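K.L.:
Got a structure here, written out as structure tokens. Questions coming.
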Amino acid sequence: MLDLRLIREHPDLVREALRKLNTEAPLDEILELDERRRQLVAEVEQLKAQRNAESKRIGQLPAGPEREATIAAMRALGDRIEALDRELAAIEERLQALLLEVPNLPDPDVPVGPDESGNVVVRHWGEPRPFDFPVKPHWELAEELGLIDFARGVKIAGSRFYVLRGDLARLQRALIAWMIDLHVNEHGYLEVYPPFLVRREAMIGTGNLPKFGDNLYHDEETDLWLIPTAEVPVTNLFRDEILPPGSLPIYLVAATPCFRKERVSAGRDVRGIKRVHQFEKVEMVKFVEPDRSDEELQRLVADAEDVLRRLELPYRVVQMCTGDLSFTAAKKFDLEVWAPGSQEWLEVSSCSNFRDFQARRANIRYRPSEGARPQFVHTLNGSGLALPRTLIAIMENYQQPDGTIEIPAVLRPYMGGQQRIGRQPAYWEPAQARRAREQARAGDS
């Protein structure tokens with residue numbers, strides 16, 4: 001949420017920023033309501049002062065017509081104040097609702113552009129691996145090795161759901177555990193395990209509501225919402241709190257499933273697991289002092305890059321232009337990894353600085369020092385990293401001529417030393433193998 005004073009005192013600046021974002025917001029109505037609200041506040045305060053003065057005067061008047069007239073005037077004042085209070089409450093409610101519709105403003109150094117075509121590639125790391133055999137996309141590898149059961153995922157839950165099988169399910173677990181350990185042990189984050197269902201207030205705090213309700217899963221009976229990212233519950237840990245002096249920065253990391261309706265054009269990304277309704281993600285969230293948030297954004301990007309470098313996956317860092325910024329971000333960098341099978345760059349991390357936009361919505365403040373006036377924190381978040389796209393990148397970059405998939409070296413300790421993923425057994429084969437072993441042991445005895 002923007003500071004109302006910024007809109008009031010610099011409306012042209014806000015309008016110009018919205019123009020760069022290629023979006024609109026109800027600024028005129030906000031300004032009109034703000035002016036009326038200020039008039040009402042002044043009028044109510046004046047009437048209350050008048051009522052207090054008349055109340056003291058009544059105590060000094062003897063019984064008689066003048067006293068009765070003053071009492072009647074007092075009642076009229078009370079009725080007027082009550083009516084104005086009702087109007088003021090309605091205006092404040094409407095004003096708050098309108099302010100929630102205004103996006104964050106881009107930082108001055110964000111490239112200006114109409115859409116993703118205006119994004120700027122900041123740097124590359126690594127070279128795409130040369131292959132001397134035909135490279136397959138991840139969905140072909142998955143089908144040939146029995147790693148993903150697409151048909152049964154659809155049968156269970158509908159389109160864009162899937163079932164990971166065997167070593168790929170294990171690789172996902174290993175990847176999540178390794179990323180969490182890296183962020184905790186080397187990057188200075190504290191792991192948290194938050195709820196996957198949140199209240200409406202939490203979604204409003206991070207900017208997901210009211211604008212993006214159509215993309216969220218919602219239980220109407222309880223008014224609980226399935227999280228689209230761990231950013232929502234983790235950011236709201238400190239909603240309506242004042243953090244004590246010396247408590248910033250705070251670095252938190254969480255691994256959660258994410259749920260999104262992901263309404264996309266028919267025929268787009270229909271193969272594989274690139275765009276799905278349920279996926280896992282490791283999320284980094286920061287609460288920092290305002291004068292440190294620029295530096296902290298660069299550190300956040302570096303933490304996400306470290307994951308990709310250790311996985312030895314070629315990637316690029318892309319700065320979002322004004323036309324491709326999210327609703328809540330003042331500045332955002334995406335990390336895109338190269339997928340040689342599908343011949344495309346896949347976004348596996350978005351790292352954003354929200355400034356005080358989320359903190360105002362969620363009322364998250366801190367005291368710079370003892371006795372100091374509370375200020376809004378700055379919040380940041382970034383994927384570190386998102387699955388299944390990181391799985392896609394591993395499958396396609398580490399595929400071998402014999403059709404197997406090499407396991408990245410950093411993940412092998414989390415896979416019991418396993419080095420490659422091959423053809424997976426049928427659903428019933430592990431149980432049959434156990435039975436055969438038990439029968440063999442029984443025969444030996």
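Keep in mind that glycine also has a Cβ here, set from the backbone N, Cα and C atoms.
In case it's useful when we look at the structure, here is the feature table from Swiss-Prot:
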- Thr229, Ala230, Glu231, Glu283, Ser383: L-serine binding site (BINDING)
- Arg260, Lys261, Glu262, Val276, Glu347, Val348, Ser349, Ser350: ATP binding site (BINDING)
K.L.:
When you average the Cβ positions of Thr229, Ala230, Glu231, Glu283, Ser383 for the L-serine site, which other residues in that chain have a Cβ within 8 Å of that mean position?
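P.N.:
Counting only non-site residues, the set is Val232, Val234, Ala254, Thr256, Cys258, Lys281, Val282, Met284, Val285, Asn381.
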K.L.:
Would you list, in sequence order, the binding-site residues among Arg260, Glu262, Val348, Ser350 whose CA lies within 10 Å of the CA of Ser383 (L-serine binding site)?
P.N.:
Val348, Ser350
K.L.:
Taking the Cα atoms as reference points, how far is Val276 (ATP binding site) from Thr229 (L-serine binding site) in Å?
P.N.:
13
K.L.:
Can you check which residue among the binding-site residues Ala230, Val276 has the largest number of Cβ atoms within 10 Å of its own?
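P.N.:
Answer returned by the neighbour count: Ala230.
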K.L.:
If you measure every Cα to Cα distance among Thr229, Ala230, Glu231, Glu283, Ser383, the residues said to bind L-serine, what is the biggest one in Å?
P.N.:
9
K.L.:
How many Å separate the Cα atoms of Glu283 (L-serine binding site) and Ser349 (ATP binding site)?
P.N.:
9
K.L.:
Where Lys261 (ATP binding site) and Thr229 (L-serine binding site) are concerned, what is their Cα separation in Å, rounded?
P.N.:
13
K.L.:
If you count the C-beta atoms lying within 10 Å of each candidate's C-beta, which of the binding-site residues Arg260, Lys261 ends up with the smallest number?
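P.N.:
Fewest other Cβ atoms within 10 Å, among the binding-site residues Arg260, Lys261, is found for Lys261.
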K.L.:
Let me know the DSSP-derived helix, strand or coil state of Ser383 (L-serine binding site), please.
P.N.:
strand
K.L.:
Find the one among the binding-site residues Thr229, Ala230, Glu231 whose C-alpha lies closest to that of Arg260 (ATP binding site).
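P.N.:
Sorting the binding-site residues by distance from Arg260 (ATP binding site), the top entry is Thr229.
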K.L.:
Consider each pair of residues in Arg260, Lys261, Glu262, Val276, Glu347, Val348, Ser349, Ser350, all listed by the record as binding ATP, and report the largest Cα separation in Å as a whole number.
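P.N.:
Binding-site diameter by Cα atoms for ATP: 19 Å.
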K.L.:
Please list, in sequence order, the residues in the chain of Thr229 (L-serine binding site) that are at least six apart in sequence and whose C-beta is under 8 Å away from its C-beta.
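P.N.:
Those within reach of Thr229 (L-serine binding site), by Cβ under 8 Å and sequence separation of 6 or more, are Thr256, Cys258, Lys281, Glu283, Asn381.
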K.L.:
Taking the Cβ of Glu262 (ATP binding site) as the reference point, list residues of the same chain whose Cβ is under 8 angstroms away and which are at least six residues distant in sequence.
P.N.:
Arg160, Asn215, Arg275, Val276, His277
K.L.:
Can you tell me the CA-to-CA distance separating Glu231 (L-serine binding site) and Ser350 (ATP binding site), as a whole number of Å?
P.N.:
12
K.L.:
Judged by the number of other CB atoms within 10 angstroms, which among Ser349, Ser350, Ser383 is the least packed of the binding-site residues?
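P.N.:
Output over binding-site residues Ser349, Ser350, Ser383: least Cβ neighbours within 10 Å is Ser350.
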